[in-house]
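First the structure, in the form of structure tokens, and then the observations on it.
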């Protein structure tokens with residue numbers, strides 16, 4: 001028996017409660033509190049290159065990287081390095097110095113099969129060598145070279161150096177570099193075909209040149225290097241690569257952090273000579289937790305070290321795989337968590353077909369592979385050259401750690417999964433606000449927008465993550481040269497001067513950190529913006545916070561100033577403006593009520609759709625079950641009535657009507673004689689006397705021509721012949737007739753409830769009919785009367801055949817059809833009736 005509706009509703013409610021929490025656990029995309037469109041941002045200062053440089057005017061800036069050394073901002077591009085003095089704040093964004101370094105090898109580059117646009121000198125390395133000099137390397141038409149320049153004047157110092165393994169050959173290839181303890185640590189590709197990925201140390205008089213093992217996919221497999229930093233005894237490299245541990249899933253990209261010791265001297269002459277003995281790498285885990293983790297595996301950018309909750313940490317922008325849904329996330333990683341993972345278990349694959357598993361601790365030699373000489377377990381070793389061969393052989397075969405580095409708080413600090421564009425760059429301010437207690441993220445995207453995000457740094461922080469602003473920075477009118485490339489390729493934060501430098505391939509734009517003046521004199525709008533860089537002065541103005549402001553201001557980032565009145569109630573000398581609707585400078589403020597009613601997260605919609613599908617399927621099954629049960633009970637009830645099992649054949653009137661026997665036509669005002677409505681109308685009752693007005697010429701009666709013959713009557717296949725023999729037409733309509741000289745209206749009588757149909761005389765002067773119970777009796781009576789036509793029509797008073805005079809002779813001599821004995825006919829059936837014969841015209845003589 002199907003379940004009742006209350007039980008089904010309770011079951012579905014329980015199912016919905018179980019499903020919704022898991023569906024809502026995925027963080028929803030945040031709607032921006034403020035949107036800054038192009039009209040104001042197109043007025044921001046923009047640098048596109050030197051006006052007199054024809055190559056830049058035709059090809060664009062071709063930005064490569066930025067470096068800020070207070071108070072100077074260096075921008076490396078194609079053939080040039082530009083220096084901007086940030087202390088001289090002007091409306092124009094123009095360099096006060098620049099250097100030009102053009103290639104002299106363009107012809108050889110063209111001979112190598114490269115395009116002309118690729119044969120310039122793209123400055124890919126720009127790092128401070130010391131307090132006085134910069135180290136720069138360029139592709140130099142696929143022949144990389146390096147130089148040293150003075151920071152103060154950008155004049156070259158010393159000779160050029162070969163840039164192989166320090167700088168890539170192609171501008172499209174990624175690379176990182178930094179100086180630590182006088183050594184240059186670089187990570188790039190070391191050959192023209194970009195097949196030899198390398199982490200390289202050079203330019204030191206005290207330390208030997210070291211590199212990673214060549215063409216060993218366990219060490220590096222098609223890496224994209226993104227950042228390098230020095231911390232403690234190590235140099236860390238952040239990159240992404242094709243994973244080795246999940247080759248069964250295809251070319252899956254994983255984010256990695258690698259580490260080498262700064263005092264590494266290489267291995268012994270037997271093992272790892274001139275190679276790193278301390279290189280280790282581990283996976284970075286930026287994912288949304290749950291029953292099944294949702295991973296953001298593709299590292300896009302990494303910051304330097306910041307203090308987060310009193311612990312050193314780095315921030316990274318991650319994205320989903322290229323063939324996955326478009327999504328991005330920001331995760332932070334504590335450096336002590338990275339150190340803990342590097343002290344954990346190693347990962348190994350015993351054979352080519354087996355899975356990767358942790359290496360048992362008893363198999364790890366001593367001192368621990370990856371240790372720095374003179375530190376920890378290797379404290380007894382002065383240099384890495386003294387390490388045992390067993391330790392060196394182990395680190396050569398097992399550089400990968402088993403555990404992944406977890407993100408701070410165990411989940412991303414910010415996610416964006418409903419946009420078609422991924423996040424590409426980030427800059428972080430961990431000391432925003434008058435008291436320096438807020439963290440603000442500036443995120444660059446592929447569509448030329450900067451997202452300004454306020455985030456809480458602790459798991460149970462009172463500050464909720466908010467998308468404060470969405471700023472459209474890319475202006476096609478300013479930045480488009482050859483093509484429109486909206487991807488943000490660099491962000492540099494200058495907090496002291498309240499500016500953010502946003503780099504595109506063809507331009508660099510200076511964007512202010514806040515737009516406080518757009519709130520005007522509306523205190524509620526200023527405080528409800530929840531911008532740590534904006535404060536509300538008691539004098540009635542919303543301004544950007546600076547060191548000169550020491551008192552007399554208000555800021556409410558956490559509570560959003562809900563206790564204040566509307567902006568119409570605030571009137572100052574600067575004017576009356578409603579911050580919630582003010583459109584100055586293209587800023588569109590969304591009120592909290594509207595925002596909450598317009599935004600529905602897609603995960604909630606997915607949960608609703610799934611629950612609706614389950615509800616629909618359940619109720620559909622319940623309805624079908626109830627309907628089938630009802631029909632079964634009805635059929636069971638009907639089967640108990642013996643009369644209902646008998647099939648009822650068609651009535652004589654219905655069968656006659658299908659064969660045209662009931663149709664009558666009028667042509668040219670002449671009325672045809674009516675066809676017989678039933679065979680019984682032609683059969684006078686034997687108990688009634690014959691009318692004396694009947695004529696002798698009954699043999700010429702044309703109505704007999706409409707009777708069925710064995711040749712023209714097909715047999716109707718009927719089932720259950722015996723069952724219907726005594727069940728002939730319980731309900732019968734009365735017959736219609738017409739007088740020979742006029743049109744008589746049809747007679748509609750109600751069907752009798754008796755078992756038999758009694759055909760009586762009516763006002764149409766029809767003869768009384770015999771009682772007919774089956775078609776068998778009808779045909780039998782016709783057969784008996786076939787020899788006496790007079791008897792057949794003796795009961796028809798005043799009958800006059802409607803025939804033309806000139807055809808009377810031939811029509812009178814018409815041979816009447818012989819009706820055989822129905823009981824003995826081989827084709828006999830109780831349903832034998834004319835099916836396909838056409839109605840005959842009585843006023844037209846036959847041929």
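Glycine is treated like the rest: Cβ placed from N, Cα and C.
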For this session: From the ranges 532-555, 556-579, 580-603, 604-627, grab the one TrEMBL calls transmembrane segment.
Result: 604-627
Exercise. In TrEMBL, which of the ranges 644-680, 681-717 has the region 'Disordered' annotation?
Worked result: 681-717
Exercise. Which stretch does TrEMBL mark as region 'Disordered', out of 728-787, 788-847?
Worked result: 788-847
Problem set entry | Overall pLDDT of the domain 'Sema' (30-513), taken as the mean | 94
